[in-house]
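These come from TrEMBL:
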- A:32-46: compositional bias 'Low complexity' (COMPBIAS)
- A:32-51: region 'Disordered' (REGION)
- A:128, A:154, A:184, A:185: S-adenosyl-L-methionine binding site (BINDING)
């Protein structure tokens, strides 16, 4: 009977088994891997003790390596990005992006315009051009503004390539109203200070290594009175029952869809983990305020952040806005 | 530790257990730690969804070898991969393979050295087959979804030695050849994925299907059943063995050369087409 005990333990899959459980049915290969994992739980990249670390999903990596790990993820997902977005959000991401752009109302009517050259919009992490296209369509068709231009910026050249492809047959490319810039949002050296009317970042900021730095760069490049707008996933829903369902969809179905459609489970596992690690709506609004922005709906003298964001679809995503003081 | 017997579950019994033992299965949000590098523990629902999704995905796009691999892993438990591991444990060479756990990749198999082996050896046939078909030993995905590390190795070994099975039977990488090999592997290893891939027969042209059902399927099933377990062959040690000797030892007959048959038929069709065009031109010229 005692010989059954180790096999029974294996069958039961105890998640908190002490490491001394009999492992004669496990090969040295597996136990040496596990021993290695125990010795180096903190870093998968051998970060030294004095090096700063940050999170990459649920992993911990050296700060200077996060950008390249994120780059690898997005190079790998670039070609199926839009298909995967449709599958993961069941198409709802289109509604979110439409609402995001409509609520910002880009473009200035030419007759009342004090700015005949149109608005300058900077779309950060805008790789595949979803938001940029919507902005230009809205400005042109709703506000009859044919001068507003968008700079699409992304750190990843493959994503930017997808964007270029999307715009190649559009009239905006021909009219010179869209340009592409490969840049790190934490260091926008190519953009002059006080030169942008509208800074948008949709589903990008959770991948940045230093979000606060990116927010400060946004503050620098915006004109006084310019608007910062961010569309991003929130880590938890407001309703606890829906939150439980949502979490199981995120951690179960999304990596599975990634495996089947895009042959890449790991990138989608990273994506859902990075959502989990993102600050809550209130915390993020606090970070935006710390960068110097005024939050809409919040009095500047109030300590506690109570406004500055709008929840979408029960809190799966949120739009944060800030205005640079004049 | 108290031995736990599998007794019928009643709520009272379950609640009487200490907290750790209560979680006999895990949930999506509470996955156990991986058992080996790259291991992803899946719940039953996830495994079912993976099996369905990869089955239809690989039928739609047979070039997605990663989906075929995932299908194999999702359908291997319960029983099938365990049976294969037991078959390895019952054989002395199989036991050695499980102890050494050799891996096949372009680092461990030097193709230059294999090409220099005498003709008609296993190693030479393997290298020649890889060159003829234009593939390398590096195209196999790592096993992710099988929980037990040794069974995961068994699956990995099966995957990596698939090319050797190709080499000693001489069947090509085209879909016809792959289906014949899968039928052979089903009769030999009883892995469900091999049987499920045979659904791809619907993608064959009618003449190919006829050839498959008349020649290759009967060959595959009869040879797969009477042959020794191919997974028990220590390929790394058999590289210098004569191919015919190995085939005889395993009990496998060589099937008709598929590429030759297709080439002969293609040439025949070309000849017929040329003759027909010549006749038409003649007819047009003479007004007949």
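Cβ from N, Cα, C; glycine included.
All annotation found in TrEMBL is predicted automatically rather than curated by experts.
The structure, with features from TrEMBL marked on it.
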residue	record	Cβ within 10 Å
A:128	S-adenosyl-L-methionine binding site	23
A:154	S-adenosyl-L-methionine binding site	27
A:184	S-adenosyl-L-methionine binding site	18
A:185	S-adenosyl-L-methionine binding site	25
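Farthest C-alpha pair in the S-adenosyl-L-methionine-binding residues A:128, A:154, A:184, A:185: 16 Å apart.
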